[in-house]
């Protein structure tokens with residue numbers, strides 16, 4: 001067991017960093033003993049820092065990741081408290097995952113860094129700091145591309161919260177950071193960088209998949225299976241956006257369109273009042289977390305392959321999502337611990353994969369039938385006081 005930590009950290013992550021530190025800027029030539037480099041450049045900078053601090057030793061790196069675990073947990077508790085949707089005792093569930101402890105403190109995966117930055121970005125979104133939030137979000141993507149699962153719901157929140165100019169400048173902040181992070185590689189071997197760091201067509205090994213292990217391997221790696229899951233992913237994002245996340249505004253177009261789309265053709269005094277009210281309303285912390293966590297979870301449900309470290313992508317959202325449903329508390333806890341049990345079966349089996357899929361589908365169904373909360377916080381009272 002200890003040797004497996006050593007192999008992955010020293011022979012894969014740090015071996016890739018060593019090539020970068022030696023001056024190699026061609027992504028096609030940077031690799032470790034277990035495979036080529038497939039992460040954006042932010043990964044290289046962060047793990048170069050870890051190598052410098054630890055000297056490449058495993059135990060000091062585990063201490064660093066233990067600190068990272070505490071920081072991440074603090075961010076998660078912050079966004080939960082702001083959302084005020086989970087009873088205080090249920091917050092203890094966030095500390096009870098054996099698999100998450102292994103991913104953070106033992107395995108030293110870069111998923112942990114990306115997840116922490118993702119939660120920091122969500123915390124900034126809850127405070128309406130959209131430009132800074134998108135910059136931190138982009139930093140998370142620069143460490144590992146899985147954070148892009150949040151891109152559709154985040155874009156929806158931007159369109160609901162900001163003007164067209166605000167949306168463009170926020171996305172511009174994210175784009176500028178990506179350019180700056182990738183600059184050494186974009187100026188030398190740009191095609192190699194894009195093809196390796198942002199490869200959306202990569203096929204994962206069937207053996208390591210925790211989900212869909214019951215699917216025959218030849219069908220698992222086939223394009224029809226991947227395309228079917230992609231269509232389901234996009235379809236569920238659309239129906240949730242149209243009928244759940246934008247329900248109170250009357251659908252996606254009314255929620256995200258220009259002001260004249262939302263208003264009636266006749267410019268009456270009532271419309272002027274409505275326009276004023278919208279201008280002093282902001283999205284609630286609860287609604288932001290609902291959209292982001294649910295959108296990410298939909299991506300997880302329809303992901304073709306989930307490796308063990310991928311559990312960190314959505315574990316911290318489970319208590320929140322479970323308490324958004326109308327399930328009785330025993331059912332919520334059964335889904336939570338059932339999911340945890342499936343992720344601790346090694347190697348995964350067809351039975352554990354089916355059980356995990358049932359947990360996912362049950363939670364997704366619970367979210368669909370749950371009532372949709374009003375998305376805005378009315379700030380007119382604050383304005384009157386000031």
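The backbone N, Cα and C atoms fix where each Cβ goes, glycine too.
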If I go by TrEMBL, the feature transmembrane segment sits on one of 107-128, 129-150, 195-216. Which?
129-150
Cβ-Cβ under 8 Å with the transmembrane segment (351-370): same-chain residues at least 6 beyond its ends:
209-214, 236, 240, 244, 294, 297-298, 300-301, 318, 321-322, 324-327, 335, 338-339, 341-343, 345
Are there residues at least six beyond either end of the transmembrane segment (162-187) with Cβ under 8 Å to its Cβ atoms? List them, or say none.
25, 27, 40-42, 45, 130-135, 137-139, 141-142, 193, 197, 258
